[in-house]
Amino acid sequence: MTNPFSKLGISDDVVNAVKALGFENPTPIQEQAIPVLLEGSNDFVGLAQTGTGKTAAFGLPLLELINFKVNKPQALILCPTRELCLQIANDIRNFSKNLANAHVVAVYGGASIVQQLREIRNGVQIVVATPGRMLDIIDRKAIDFSNVNYVVLDEADEMLNMGFQEDINSILSTTPDDKKTWLFSATMPPEVRRIAKNYMENPTELTMGTKNTGNANIEHEYYVVRARDKYAALKRIVDYNPDIFGVVFCKTKMDTQDVAEHLIKDGYNADALHGDLSQQQRDKVMKRFRERSMQLLIATDVAARGIDVNDVTHVINFALPDEIESYTHRSGRTARAGKTGTSICIINSKEIGKIRQIEKIIGKKFTKAELPTGFDVCEKQLFGLIHRVHNVEVNEEQIDKYMSRINDEFADLTKEEVIKKFASLEFNRFLEYYQNAPDLNIREDEKFERNSRNGSRTFENNGGYTRLFINVGSVDDFTRGDLLGFVCNNGKISGKTIGKIDLKGVFSFVEVENSQVDTLFTNFKDVSYNGREVRIEVSGEPSTSRGSGDRRRGSGGFGSERRREGSGERRTDRRSSGRREGGNSGGGFRDFSGRKREERSGGGRREGGNDRKRRS
Ligand code: AMP
């Protein structure tokens with residue numbers, strides 16, 4: 001039987017490579033685009049979402065059209081971000097692994113230019129690049145594009161959004177006039193149309209789905225809450241979806257960092273991705289997310305562009321994007337490669353108009369959803385537990401030796417009683433936490449805000465230590481020792497007064513003797529590290545020094561904590577139940593979203609603006 005890719009005109013070596021990647025059948029965009037592009041004689045415009053298989057749609061034809069005996073750049077692929085650049089280069093290397101002398105170079109900012117120049121000097125046929133670094137290399141006269149026959153502009157709308165128009169113009173002016181240009185874009189705003197008009201001659205146009213529409217496999221929902229309840233709403237959505245694997249979008253880098261910090265403090269398995277992080281930090285965060293050792297990625301639009309992680313179940317718009325077109329990109333992070341997904345917007349009542357505008361663009365209606373009540377969450381979590389208990393794999397050999405003792409312990413209980421007690425073990429905790437949780441939904445007829453709950457943050461301390469949160473961690477290349485030195489030097493306290501140091505990714509927790517906390521806060525002012533303001537705060541989590549071992553690891557939440565622990569079907573920390581939304585963390589966030597934001601007004605830079613002129 002002929003392989004479906006062979007039928008489209010792809011040669012055996014490349015077909016074998018994609019087969020090895022598990023591609024059995026072409027995706028719709030591949031099916032339509034490959035035969036057209038293989039002709040190599042036309043400009044091309046493909047309107048396609050991310051996650052549809054467009055890299056292979058242009059990558060496979062390129063491999064057929066390039067002469068690999070010649071060690072000169074023959075194809076240039078421009079894309080908006082470093083992450084996407086690496087992904088495309090990696091994909092094409094995989095597709096071409098059976099082709100002798102095929103060389104692909106990835107050219108992007110934030111990494112050594114020397115190595116990239118060396119690879120170019122050694123001879124490459126395919127250059128995958130972000131515009132800024134590409135232009136640097138062209139300015140150094142380190143590349144010759146006179147043999148380029150094909151230029152691919154991938155995610156063209158994003159490149160324009162990021163302000164790369166001029167860079168693209170300059171780069172294209174160094175390529176031959178008779179090259180063919182293939183443009184891919186998720187949306188077709190007038191600026192992209194203009195590129196197509198200015199740089200292309202009668203391009204073949206293919207539209208996957210309707211113009212500007214989003215992926216049909218995505219359900220769109222919105223929740224209306226008060227601005228100050230957004231964070232509590234976010235947590236409730238996460239709690240109601242214990243298996244969530246999601247991307248949460250914020251507007252500014254600062255909001256991204258704040259939301260991630262609060263989630264981490266509340267025990268969720270989350271981390272931030274934004275442009276203030278170094279490339280190395282971003283890589284580390286992405287690696288954790290890709291490996292699913294993290295459950296929630298909190299990101300800005302710019303940082304999340306081109307993220308190719310399959311199986312994302314939810315995209316949550318903690319803030320709606322300023323540019324409505326960006327919604328398509330955000331929601332496209334879920335429902336990739338034929339899967340389904342949900343895109344959620346948490347909005348206030350003034351933003352309903354924006355939802356209607358988005359509906360017009362994506363050509364799909366949103367469902368107005370109601371936030372689950374505390375009891376709904378309890379029920380969901382309870383039955384999640386019951387299913388896990390039902391399905392847990394029993395290690396017969398190991399458990400057998402304890403069975404007779406376990407049976408003895410339960411001898412006075414009936415089966416029903418045992419089941420009830422097992423279920424209650426978790427259920428009581430959920431109930432304790434959620435039974436007084438307020439209704440966060442705003443009713444249409446509701447004019448006046450209800451009295452807010454007490455917004456003060458409380459914390460416990462234990463064994464004479466206070467647990468402090470600090471927004472630096474292992475991604476800043478801190479070791480525990482470095483962090484100890486950093487805290488003590490800046491806070492002017494002795495290292496002997498430090499308890500446990502819990503080094504996380506972008507954050508850490510440090511325990512300090514209660515008597516030293518005031519001194520630390522008095523001295524720890526205007527501290528920065530690598531240009532980032534370093535903040536230290538009392539953590540919402542209790543300090544656990546003096547014999548409490550690992551109990552704190554259970555302090556977060558239900559589903560999220562399980563994921564963090566990996567296999568943990570059960571947690572031991574009874575204190576954890578009441579601390580996620582109600583008085584403590586919800587209050588903390590109100591503080592954050594109200595007072596702190598006012599202090600910061602104007603400080604939360606839009607990431608796009610900042611990156612606009614930055615060379616990639
Ligand atoms: P892309 O839109 O190129 O980023 O591709 C999205 C995801 O789909 C990637 O993980 C690809 O590896 C995968 N993919 C692309 N084409 C196919 C195919 N024909 N069959 C199965 N998976 C594919």
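Quick reminder: no glycine exception, Cβ is built from N, Cα and C everywhere.
Because TrEMBL annotations are produced automatically, they should be read as predictions rather than curated entries.
Per-residue pLDDT, averaged across the domain 'DEAD-box RNA helicase Q' (3-31), gives 93. Residues annotated as domain 'DEAD-box RNA helicase Q' in TrEMBL: 3-31.
The motif 'Q motif' annotation in TrEMBL covers 3-31.
Here TrEMBL flags 35-206 as domain 'Helicase ATP-binding'.
Sequence annotations record features per position, and here TrEMBL assigns domain 'Helicase C-terminal' to 217-379.
Annotation source TrEMBL lists region 'Disordered' at 535-616.
What TrEMBL records for 560-582 (among others) is compositional bias 'Basic and acidic residues'.
The feature compositional bias 'Basic and acidic residues' is assigned by TrEMBL to 592-616 (among others).
With DSSP states grouped into helix (H, G, I), strand (E, B) and coil, the motif 'Q motif' (3-31) comes out at 17 helix, 0 strand, 12 coil. Below 8 angstroms of C-beta separation, residues 38, 46, 48, 52-54, 56-57, 60, 63-64, 94-99, 206, 208, 337-338 of the same chain, each at least six residues beyond the ends of the motif 'Q motif' (3-31), sit close to that stretch.
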